[in-house]
Amino acid sequence: MTFRMILAFFTLCATSLFFGANQIEWSLLPTFNEKAWLPIIASRLPRLVALILTGSGLAMCGVILQHIVRNRFVEPGTTGSLDAAKLGILVSIVMLPSSDKLERMFFAVLFCFAAGLVYIAIIRKVKFSNTALVPVIGLMFGSVLSALAEFYAYQNNILQSMSGWLMGDFSKVVQEHYEIIFLILPITLLTYLYAHRFTVMGMGEDIASNLGISYAMTAALGLILVSITVAVTVVTVGAIHFVGLVIPNLVALKYGDHLKNTLPIVALGGASLLIFCDVISRVVLFPFEVPVGLTASAVGGVMFLAFLLKGAKA
């Protein structure tokens, strides 16, 4: 992990923390004036924490999925995970109208995990001559789930409730209304503890079995970790694309595939990218905000396209 990456991360954190539409009386901060500190403690600090956890969590989800499927072009957005989580939340709203975030997250995890199993079953069933078809199948699968979610929402007259999950938005993250996102912390720790198993799993089922690692159990664990992270993210801030696709590929290109060494870099890169996108979202139409999900899709898409073009020239 280079010094420049760490410096860039803390610079972005400081920018995110001290930049916003609400004016802060900077001269009163050293006196610990409650009114001056309120915007930072109640809104900007929770937002920054949510950005860091979401960015790092989604980037690590991308790594896990890429090792399970053994394809560089998959992430939660190209495997149907985000759409499955959205469908799960809608079902929870209809079945349990008074459900809280924890209950909605539980439904989202179940739907996410089930969608992951179905996607992997499809990938294992079909023989692909081109690896680019793997994410295409995922996008088609996600489109089916998204259509089901929209039909279900329309049927139950809750179509407007979907708007918050279609595009990630951190503007509503405030103190005492985002703490569920801290569940990503133990997920990150577990991912690192099982990094060696995920690395071996990425080499293939035969090699994993020869090295004494249960491919099925490791893949199931990976899907559970991904499902929880995606569910927590969608419930708290909404769906965010490309973070889990761009960062793992860039890190693997420069540092290799040994996850024990690269996971901290992946987490830092994911957090930095999402904070950068959030700052752009606040600057473009200041004092108004663009949803971070829209900015992340634009920035991530451009970065990944540049990555592909560079690889094609090489």
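Placement of Cβ uses the backbone N, Cα and C atoms for every residue, glycine included.
What Swiss-Prot lists as transmembrane segment is 1-21, 49-69, 76-96, 103-123, 132-152, 180-200, 207-226, 230-252, 265-285, 288-308, and the listing cites sequence analysis.
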The recorded stretch from 1-21, 49-69, 132-152, 180-200, 230-252 sharing the largest number of CB pairs under 8 A with the transmembrane segment (265-285) is 49-69
Beyond the flanks of the transmembrane segment (49-69) by at least 6 residues, Cβ under 8 Å
13, 16, 75-76, 79, 81, 120, 123, 134, 168, 170, 173, 178, 181-182, 184-185, 187-188, 191, 198-199, 201-202, 219, 222-223, 225-226, 229-230, 232-233, 236-237, 240, 243-245, 247-248, 259, 262-263, 266-275, 278, 292
Any chance the transmembrane segment (180-200) and the transmembrane segment (207-226) have 3 or more Cβ pairs under 8 A, given the pairs are 6 or more apart in sequence?
yes
For the transmembrane segment (132-152), name the stretch out of 76-96, 103-123, 230-252 with the most CB-CB pairs under 8 Å.
76-96
Which sequence-distant residues neighbour the transmembrane segment (230-252)? Criterion: at least 6 residues beyond either end, Cβ under 8 Å.
50, 54-55, 57-63, 65-66, 72-78, 81-82, 85-86, 88-89, 101, 104-106, 108-109, 112, 164-170, 172-173, 178, 180-181, 183-184, 262, 265-266, 269-270, 273-274, 291-293, 296-297, 299-301, 303-304, 307
